[in-house]
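Novice: Pulled these from Swiss-Prot:
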COMPBIAS  1-12  compositional bias 'Gly residues'
REGION    1-60  region 'Disordered'
COMPBIAS  33-43  compositional bias 'Gly residues'
COMPBIAS  44-55  compositional bias 'Low complexity'
REGION    71-79  region 'Caveolin-binding'
MOD_RES   Thr150  phosphothreonine
REGION    313-336  region 'Disordered'
REPEAT    478-517  repeat 'WD 1'
REPEAT    531-570  repeat 'WD 2'
REPEAT    679-718  repeat 'WD 4'
REPEAT    767-796  repeat 'WD 6'
Amino acid sequence: MDELAGGGGGGPAMASPPRQQQGPGGNMSLSPGGNGAAGGGGPPATEGAGPAAGPELSRPQQYTIPGILHYIQHEWARFEMERAHWEVERAELQARIAFLQGERKGQENLKKDLVRRIKMLEYALKQERAKYHKLKYGTELNQGDLKMPTFESEETKDTEAPTAPQNSQLTWKQGRQLLRQYLQEVGYTDTILDVRSQRVRSLLGLSNSEPNGSVETKNLEQILNGGESPKQKGQEIKRTSGDVLETFNFLENADDSDEEEENDMIEGIPEGKDKHRINKHKIGNEGLAADLTDDPDTEEALKEFDFLVTAEDGEGAGEARSSGDGTEWDKDDLSPTTEVWDVDQGLISKLKEQYKKERKGKKGVKRVNRTKLYDTIADLGDDELPLIPSGIINQSRSASTRMTDHEGARAEEAEPITFPSGGGKSFIMGSDDVLLSVLGLGDLADLTVTNDADYSYDLPANKDAFRKTWNPKYTLRSHFDGVRALAFHPVEPVLVTASEDHTLKLWNLQKTVPAKKSASLDVEPIYTFRAHIGPVLSLAISSNGEQCFSGGTDATIQWWNMPSPNVDPYDTYEPNVLAGTLIAHTDAVWGLAYSGIKNQLLSCSADGTVRLWNPQEKLPCICTYNGDKEHGIPTSVDFIGCDPAHMVTSFNTGSTVIYDLETSQSLVMLSSQMDSGLQSSNHINRVVSHPTLPVTITAHEDRHIKFFDNKTGKMIHSMVAHLDAVTSLAVDPNGIYLMSGSHDCSIRLWNLDSKTCVQEITAHRKKLDESIYDVAFHPSKAYIASAGADALAKVFV
């Protein structure tokens, strides 16, 4: 047996006297872990001194070198193990810390990268805006000191903001500092202040014929036009300081904390007879304003000085310009801003005196026709200019009588059609009031500018900025032949289609299945209506959505009860769905229209008659029109939206007639000067009535869409709308937009006010040289739909 260090001492002790051997041997067996040590020398010791070992056990414990060494080794091993555990835990925590630090750094880098991208995009946008402005107006758009954005660290930005004194002016000083920092980030320097003061002088100095104004004129053109020739003076007059600041609109949507503080500083707004009184420190124009307030043009020009007045107007805050209706910020305790702007008051006073004299001499100056300007810009599709509050548009529309000059016939009206806001929150682009409610502009909605040319240039930008683009969302595929007609449920996202495959189908747009190879969704029909024995050509849904009417080549009108939108497609047959059949026509029924006011139905047929029905009565056919075919064969029919006691019918001869439903007499024949010629070119495919105005719109085989006044019967406007025959029309429930479908495979959306195309959608493929048969707006939801000869119906959102 191997002996440890303690056992080595037992060997020589055997030859020694027994008394000496006993102590170490006995003690070693009692020491901690010493049993193994006594193993080598224990037995000889107990043999020689066994009887004397008993009393030694009660003695105090004594430590030996072998026992101590063994204990130290044991403790050292335990310490090493705990230390290894601690090292592992520390490594794990350090790895966690490093991961979190890396994540934080990555987020910071991402933030910096996004900030850089934003700045670069702002820079690129300004470059594009300048390029576009030069192409359109032929002048350089002054954007201050346009240069590449510089990216400085957050620390330096923080040190730039000085600690403002804690006084009453702390709020607006912080706002000014914030704006100054914004200006530096986007490349504007203090020269913007000089440009703005020069702009004021340009309002007065460019029209100045005296020599002392010529120097200012040249300097201004050097600043604004980059050395352009004086030929652009007229255009420079039209552009005001708002143009210089138009690139600052990216600040309008910023969620600044200063906004609430600034709102607290706004005082009461003067109204009514006080509109011409200016309640704050002017720069030298107190007396002059009082002298000239009787002239509105003078008042307009003098209001251009308002952005020089208080520090709250900020260096470059376009939305803080004083509004033309007297909405101004009154803070008399603010310090004068002469040192801020560095304006030569003497020169300003002198120029104003000259302006006052000139105004007395030119009272009858002809102003630019605002509507012509608006129409021209609308035709150009001005997308790039910044948007302006809708209040400006309302003000501009009401401020002048708008003569439109699309055609000579249209100029007979002093006030052309203005398209108001209807109910239903205008899911389409909507009128200005609806836009304001949707966008929630709040106080910003009251801000206006007072220069005619300024918002004439920006007007179409507002329309385009709020423009909604329709995109295909659902494809309805279950028909086996061309889809001739479709109609939406008045409330639910439900659609009914009528097809040449002899059936009608009910679709719930909320029950969709993913399409195989496209981003759109396929919808399965939830019900199929079967009663016609030929192609179904026309369709109408009652105003409460409970009944549906369909007409076909079998000369019948089928009357249906609408199933529930949640009906099971595989449920048992329900005979109550078919409510009845209206029989009176002798040929195909090509058009249907329903009026919810008296629950009446109109139908037009290839037999030459137009019939009025009340399906609830025992003798449902109330009246028959055009029984002698005096106007030709009717092709389409509709109730007059603003006068339900009248209806309008189009004929294949090109004539359109308004009838009185009570007397059955024709009231007005709608005709245009060009309605003489071939019958095929005059053929009208569809007639619709505007929902709120006395206007009738017709779609023609010769690619035209024509607008008629119901009162005079004269054509208001005519336009070539498509590349092929126009087959279908629909007006949105608010009466702002018109949708047309054509055999050229396209759907076009038109602004009824400007008669311009807002959007074109290629929706269907041709089949036998025919494409789109019908289009429809949902009465209350953001859906439009089209029906095509390719057996598809498509829904857009």
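From the backbone N, Cα and C atoms, a Cβ is placed for every residue, glycine too.
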Novice: For a three-state summary based on DSSP, what are the helix, strand and coil counts in the repeat 'WD 4' (679-718)?
Specialist: 4 helix, 23 strand, 13 coil
Novice: Could you give me three numbers for the repeat 'WD 2' (531-570), the DSSP helix, strand and coil residue counts?
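Specialist: DSSP composition of the repeat 'WD 2' (531-570): 0 helix, 18 strand, 22 coil.
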Novice: Counting each residue once, how many in the region 'Caveolin-binding' (71-79) are helix, strand and coil under DSSP?
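Specialist: Residue counts for the region 'Caveolin-binding' (71-79) by secondary structure: 9 helix, 0 strand, 0 coil.
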Novice: How does the repeat 'WD 6' (767-796) divide up by DSSP, counting helix, then strand, then coil residues?
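Specialist: The counts are 0 helix, 17 strand, 13 coil.
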